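Record features (TrEMBL):
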type     : residues : note
TRANSMEM : 39-55    : transmembrane segment
TRANSMEM : 67-86    : transmembrane segment
TRANSMEM : 174-191  : transmembrane segment
TRANSMEM : 197-216  : transmembrane segment
TRANSMEM : 228-250  : transmembrane segment
TRANSMEM : 262-285  : transmembrane segment
TRANSMEM : 292-312  : transmembrane segment
TRANSMEM : 324-346  : transmembrane segment
Amino acid sequence: MNSIKPIFLFPLVILGLIAGISGGGIRLGYTEFQIPEAAANHGIWMVGGFLGTLISLERAMVMKQRIWLLVPLICGMSVPLMMAGWTFPGKWTLLIASMGLLAIMYLQTLKHPALHQFIMSLGAVFWMAGNFVLIQTGLVAAATTWWIGFILFTIIGERLELSKFLPTPKWAKNALHGLLALFLIGIWTPFHQHGNWLMGASAIFISFWLLHFDMAKIASKKANQYKFIGIGLRVGYVWLTLNGIILLFFQNHIFYYDLYLHTFFLGFTFSMIWAHAPIILPMVLNIKESPYHLVIWPFWGFFQLTLLGRILSSIFEFPEMRKAFGVLNAWSILLIFVTMATIVISKNLRGKYIMRKASILSGNKEVQG
């Protein structure tokens, strides 16, 4: 396993993303870019193939033993398996990968028995539960609430870890614990038997908590990369607020399920991905260069505006605009990743050029001396 570098696994993350986006486009009626089995497996690939592989890779990098890189490898292989028509084995690889992530989190929690580790471990449990439900029922909708719990608890655990040195009042910490418990009850309760209300109410107050107590409030007032991270996080928390409002008040809307899923998975989750990218990607890919540059701001803004357009088009039931904004939003995701890759490559080339120039100048001085 020592010969396997984390960067070699990242193409599986990108494959999950591209395949999942292709499925979303087909569901919107955009058929110019099709991948086999994409429409049927859109949600599975976005959550498991993309997010599951990315999160597993991130957590495996914390472990000393490289054997744990098998977890994101197994997870990422679910997408090509399902693309080849082996849907059931693909689902089982996701279940095995989620069990592997739970094992990683268990060992990390034993080593660092902190509350944020326990919360992230619960997230891994939720992912495993969702994958089990998917295999048992064959219904993506039945697994979705568990997958949302997986993402939410993982992100909150990470935010608490990064904010652990802030002087958060004890009552505020207890309030967050209570809200997370309420969200868990909402996941456990049947969705159309008040589970959506419990999830919605707790999501709104969790977002308020994060807006007030998370260190993003401080970072957003700084400059450059820190400002990008802080504003990105806080915009994501606003999306979580909207997700809660959708859950509470839009249950009779024709696009209720679509609104509920995409305010969370696109609005909240992708805002978290963009905001964490300057910190997480260098660690995951084992590189020095941050994927941040001022040039990223317009693309980030385009993502947020097209997503807002899609959500508003859905709310006001404008199907053609919904499709147009949805397709533009999908392309904006790929555009941001391409831009980040370009930033990293250009920084790397610039660094090599500077080092080479410095070496030449140093050699000339020695000759002159």
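Indices start at 1 and increase along the chain as displayed.
Using the three backbone atoms N, Cα and C, a Cβ is placed for every residue, glycine included.
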Should anything in the same chain at least six residues away from the transmembrane segment (228-250) have a Cβ under 8 Å from its Cβ atoms, list it; otherwise answer none. 159, 196-197, 199-208, 210-211, 214, 216-222, 256, 259-260, 263-264, 267-269, 271-272, 274-276, 278-279, 292, 296-297, 300, 304, 311, 315
So which of 39-55, 197-216, 262-285, 292-312 is most in touch with the transmembrane segment (174-191), counting Cβ pairs under 8 Å? 197-216
Ranking 39-55, 67-86, 292-312 by the number of C-beta pairs under 8 Å to the transmembrane segment (262-285), which range is first? 292-312
